[in-house]
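Structure first, then comments.
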Amino acid sequence: MEVLYSISKTLKDARDKIVEGTLYSNVSDIIQQFNQMIVTMNGNEFQTGGIGTLPIRNWAFDFGLLGTTLLNLDANYVETARTTIEYFIDFIDNVCMDEMARESQRNGIAPQSDALRKLSGIKFKRINFNNSSEYIENWNLQNRRQRTGFVFHKPNIFPYSASFTLNRSQPLHDNLMGTMWLNAGSEIQVAGFDYSCALNAPANIQQFEHIVQLRRALTTATITILPDAERFSFPRVINSADGATTWYFNPVILRPNNVEIEFLLNGQIINTYQARFGTIIARNFDTIRLSFQLMRPPNMTPAVNALFPQAQPFQHHATVGLTLRIDSAVCESVLADSNETMLANVTAVRQEYAVPVGPVFPPGMNWTELITNYSPSREDNLQRVFTVASIRSMLIK
């Protein structure tokens, strides 16, 4: 993997900087590194493809070295370099696609394609290493079963979940009370509602709670908390739990009371925030507990009082909500996030070349299913294919 990254970094630098008119002295270090790569690769043969519809291709390396000059690089010099660079880039592209198409239940962190296994041989260690990539650094740590750390922005840590629970259910009488939520990606939105606006609740207060367990623990997370759940702020028709009927939801938004956010790790509370909105941090957690209250307003103007009558029918439904959004965090496991296209790159290659469903990844690389059942085998394979995708993205956009 280190060799694959180093070759790609060398090719990227050469493609960007070996251009007509450039002084040789300005790119001599790159050319020297480029020539070392050629010397190491010459005389070797590789084969890629042969999975799904990815075609089998054979690769042979026999290229001349780039020479020295005291002057600027001319068109002939650059053309010779370009021919070599384009062949190498095509080779790296196919090695990466071959690797992204493969998976293994055992030791999925290790190279799976014949070409990348061969590149892992001792003879290729002479290629100048450049291990500045976060993915390469973490791949090396994971390969040695040491602790890794990925920095994510808006990590896709929550499997998609959209549902509701009813604590009071009288749909025929238009009198419901409960919680509805939408968890997806890096965001939780949860709303508590009471059609009667806590009319007969103790002290005219309804208590709501929403607990979310993460599939992987996060550390040093920056989180935004808002006293609203905008996705539940407009009327809708909702199917009953048994699918036998539907019920109408017509929310009127109130501000939640006694909001408390708890972050837990292995059942122990690590951080607690009460009535705190905006930006907060959480040190280390694998569970989030949100609790909040709906309080019937003790004093109401006639207009508000008309919204929340003392008896049925309840045409407007008191609703309070919270939004929790993970803006950034560190995780020991690789995840998809909003700043990267690794999941999309891997999925696109597997779809384009009709890669058959294997023993590890779900059909279509369905992220909700993948993260819901995030096994060690999936973690190893995902880290490997994401690392390869990050290498490929240096050369292929």
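Placement of Cβ uses the backbone N, Cα and C atoms for every residue, glycine included.
Per Swiss-Prot, the features are as follows:
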REGION    62-73  region 'Interaction with the inner capsid protein VP2'
BINDING   His153  Zn(2+) binding site
BINDING   Asn266, Asp286  Ca(2+) binding site
### Query
Near His153 (Zn(2+) binding site), which residues of its own chain have a C-beta under 8 A away, given they sit six or more steps off in sequence?
Asp327, Ser328, Asp337, Ser338, Asn339
### Message
Counting across all protein chains present, how many other Cβ atoms fall within 10 Å of the Cβ of Asn266 (Ca(2+) binding site)?
### Response
10
### Query
Which ones in the same chain are close to Asp286 (Ca(2+) binding site), with CB under 8 Å and 6+ residues apart in sequence?
Gln213, Leu214, Arg216, Ala217, Leu218, Leu264, Leu265, Asn266
#### Entry: Confidence summary for the region 'Interaction with the inner capsid protein VP2' (62-73), mean pLDDT rounded
91
### Query
Does DSSP put Asn266 (Ca(2+) binding site) in a helix, in a strand, or in coil?
coil
#### Entry: Secondary structure content, the region 'Interaction with the inner capsid protein VP2' (62-73) (per DSSP, counts of residues)
0 helix, 1 strand, 11 coil
